[in-house]
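Participant: Sharing a structure, written as structure tokens. Questions coming.
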Amino acid sequence: MEMMLKVFFLGCILHLASAQLQSGFYSTSCPRAESIVQQVVVKKFSADRSITAALLRMHFHDCFVRGCDASILIDSTKTRSSEKDAGPNLTVRGFELIDEAKRNLEAACPSTVSCADIITLATRDAVALAGGPRYNVSTGRRDGLVSDSSKVNLPGPSLSISDAARFFTAKGLTINDMVVLLGAHTVGVAHCGFFQDRLSNFQGTGKPDPTMEPALAATLLKTCGTQSRPLSRDPTVFLDQNTSFILDNQFYNQIRSKRGILQIDQELALDSLSAPLASRLAANNNLFQQSFVNAMMKMGSVEVLVGNAGEIRKNCRVFNKPGGRA
């Protein structure tokens, strides 16, 4: 009975935390908050359309470690390594955009808008600029007080669907959410090092991954080299070979044609857990875009800090309070 009561009260707390996120949270305290963020994103996007992929990745990597609390933005110190310097985050970018938005917000409304909300709003705006739907974002997140590189544990590009799904279900997301969120790869890139084994020596066979179209493998081999003879640099390639900067469903059509770059992307079209939804998304762009919006809003609510928890950082790279740990 005691355990049942604990579970009940925990459920109430989680519901209350989610309920405190609301659309227009800053309508009184900082009425121009969302437009200030949007202006910065529009300026950046006009110069670099790849910023959409960068912000999507930043948002995902932030939410999947300690919840959506902007802990990924904290700089390391001499004594502690922050999330930003963990291996999976070394290629995360877009921090300067968040810094600029924060400076502008601090000038307009000091100590009011959280860095966690800036990431969420900026990602929403970048999705719309890339051809995705514009959607409402609930705000009211607070910034976290911990950023520890040793706590970063993210799903890798070579995981099976069932293994990757465990990362998502641990955050309250479903396998369907995972299939849809991986559709963000429609505007993404990957370094050759993440899929090089698929091109010539898949799992030690001495042959390319049979689930990759041979012509694509041959083309990528010229770009990336082999594992035993890699190029001097680690180039990137588009994960969507057709509409590389547009947030649409073409990614799913490509993986159904054995043109997935990352192993986990290709598995989406092959595994019985994910293939039916991947096929439906490939056939219906409207379904993908609406599903993507729903999944993004759900992900943006993962383990958020609200009310008096955490803080509102003045500088997104540094904790305000002495108790903050990086």
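Just so it is clear, glycine is given a Cβ too, placed from its N, Cα and C backbone atoms.
TrEMBL labels come from automatic prediction, so no person has curated them.
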Participant: Tell me which of Cys30, Cys63, Cys68, Cys115 TrEMBL records as disulfide-bonded to Cys109.
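Facilitator: Going by TrEMBL, Cys109 is disulfide-bonded to Cys30.
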Participant: Does anything in the same chain, at least 6 positions from Ser71 (Ca(2+) 1 binding site), have a Cβ under 8 Å from its Cβ, and if so what?
Facilitator: Asp62, Val65, Ser82, Glu83, Gly144, Val146, Ser147
Participant: Sort the binding-site residues Pro155, Asp240, Thr243 by C-alpha distance from His185 (heme b binding site) and give me just the closest.
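Facilitator: Out of the listed candidates, the nearest Cα belongs to Asp240.
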Participant: I need the neighbours of the Ca(2+) 2 site defined by Thr186, Asp240, Thr243, Asp248. Which other residues of that chain put their C-beta within 8 angstroms of the C-beta centroid, in sequence order?
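Facilitator: Near the Ca(2+) 2 site, the remaining chain residues are Val187, Asn242, Ser244, Phe245, Ile246, Leu247, Asn249, Gln250, Phe251.
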Participant: Around the Ca(2+) 1 site recorded as Asp62, Val65, Gly67, Asp69, Ser71, Glu83, what other same-chain residues have a C-beta within 8 angstroms of the site's C-beta center?
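Facilitator: Apart from Asp62, Val65, Gly67, Asp69, Ser71, Glu83, the close residues are His61, Cys63, Phe64, Arg66, Cys68, Ala70, Ile72, Gly144, Ser147.
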Participant: Given the recorded positions Arg57, His61, Gly67, Asp69, Pro155, which one's Cα is the least distant from that of Thr243 (Ca(2+) 2 binding site)?
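Facilitator: So, spelling it out, the nearest of the recorded positions is Arg57.
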Participant: Report the mean pLDDT of the predicted model across the domain 'Plant heme peroxidase family profile' (20-320), rounded to a whole number.
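Facilitator: Average per-residue pLDDT within the domain 'Plant heme peroxidase family profile' (20-320): 95.
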